[in-house]
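> Next up is a structure, given as structure tokens.
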Amino acid sequence: MTNNNGVEWSIRMGDGSSMVLEPEHKYGVMRIWDGLKGLIMRFVMRVWMFLKKAWDLGVDEPRKFFHCLKVGVALMVVSLFYYMRPLYDGVGGSAIWAVMTVVVVFEYTVGGTLYKCLNRICATLLAGFLALGVHWVASHSGHQFEPFIMGTSLFILASATTFSRFIPVVKARFDYGCTIFILTYSLISVSGYRVEHLLHVAHERLSTIIIGTCLCIITSMLIFPVWAGTELHLLIPRNMDKLAKSLDCCVAEYFGHDDEESKKSSQGYKCVLNSKASEEAMENFARWEPAHGQFNFRHPWKKYLKIGASSRSCAYCIETLTSCLDSKNQVPESLKNHLDSSCMNLSSSASTVIRELATIVSTTTRSNKIDMAVEDMKNAVQELQNDLKSLPDLLVQPHDKGEESSTPKSLEKNDRVPSQITVIPLMEVIPIVSFASLLMETASRIEENIVKAVEELADSAQFKQPADKMKPKNNPTSKIVSDEEGALQRLRIWWYPDAPGTGSQAVPSLRDDAKTDLGGGRLDLH
């Protein structure tokens, strides 16, 4: 290395060659440049990955992209109250409340938007009227008592409204309205102490809030509407399909009949376990929506929550079944082979029942196959129970084939000497018995919970009858009647050749004999 005096520094390598050392500041600058360049590249890659994920989200869910456009359109329209002088003069400086209303109340679904809009309007009206009334009473009580009356009323109403938010019914349907009530009453009551024309200010704010909420409702319902009721109606059967696939994949993996695709699908039950909050939110928003599509205003949305709760009950059993997969290698192959067929049959029949119920919910049409599917599931449970009863016979097995062949045929199984038999330990039997018991418990919950919940929904929502029941069927009684009428006509022609329409005159004696035969019961044509 060369210093300021012109001295060059070098080092001798192991092979006898020498290398000149470069200045340290040169390498320091290069390290700083490389670090800065890597930082820029990492930032660019993160931005690119973010944009790619956003693009994929928009492609997978176009309705979310349209929702963004709807919010932009609503804000652009409501901002005209600030940009256009005639509109601004009509609402005054409170036009900003319309913009704030659009930002706050516009939700993804129509039900969510209606929920917030109606709560905001009603809470604003109620709080405004109460605040004006209390202000009038306080202003006529004298300037000395006015702040005490306003403060006491604010304390009482704010405390009572906050307490009402803990009530489950109020929290589920009017929680946002309670918040707006407290906010509006506080603003009007506090500002009313200093503002002279309080009624004018309240009128302007109320009118701008109504303008903002009406604009949100119109935009949400007319431009690519997303109905919360429809989302809930599609979510429930989709979760049921995932539940059925998870059950099949879990049992198949336990007995070694799985593949890579089934391993990925075996975790679908987690979506069912994590969907409680979204189901309750959709059900709450769906009750605010008007009639749309095939759903009336009083559609029994609560029945969907019962189906979801029943599905989660089965999902907990499947979650426990998946925990048994860790101990599957501890179970002897002879016991697995003994219960393989019955367990696979039960899982197949149980998943068939779940899929058939999902079809009933999604199509809102009853099915004739569900009774047969439930009966097959019961038979599969009985078959598995019978295999479990015969399981003790497999716990005692011959030690090996050579020793078994040397045993005299006169000796029975119970007469074998201890050295010639192998007893399977109980700890190796418990895992597979627990697995089979959980599988039967899953089938029991399907029958007692999900089937009944779907039947209640079908009765409450008046699901359509299946197509084969609506078609007119051939009545065997009409065929018998037509055959009897033909026989009667032929009998009349043979006995009464002269009767009208037969070409000859009737014979009285034959007519009397015929009456006698018909009246005596020997020929019943009716």
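Keep in mind that glycine also has a Cβ here, set from the backbone N, Cα and C atoms.
Features from TrEMBL:
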- 65-84: transmembrane segment (TRANSMEM)
- 90-110: transmembrane segment (TRANSMEM)
- 117-136: transmembrane segment (TRANSMEM)
- 148-167: transmembrane segment (TRANSMEM)
- 174-194: transmembrane segment (TRANSMEM)
- 206-228: transmembrane segment (TRANSMEM)
- 367-394: coiled coil (COILED)
- 397-416: region 'Disordered' (REGION)
- 398-416: compositional bias 'Basic and acidic residues' (COMPBIAS)
- 501-526: region 'Disordered' (REGION)
> So what pLDDT does the coiled coil (367-394) average out to?
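A mean pLDDT of 88 is what the predicted model shows over the coiled coil (367-394).
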> Give the nonlocal contacts of the transmembrane segment (148-167) in its own chain as ranges (CB under 8 Å, at least six residues past its ends).
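Residues 130, 134-135, 137-138, 141, 175, 178-179, 181-182, 185-186, 189-190, 192-193 contact the transmembrane segment (148-167) from elsewhere in the chain.
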> Restricting to the same chain and to residues at least six past its boundaries, which positions have a Cβ under 8 Å from a Cβ of the transmembrane segment (174-194)?
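Same-chain contacts beyond the flanks: 115-116, 119-120, 122-124, 126-128, 130-132, 134-135, 146-147, 150, 153-154, 157-158, 161-162, 164-165, 201-202.
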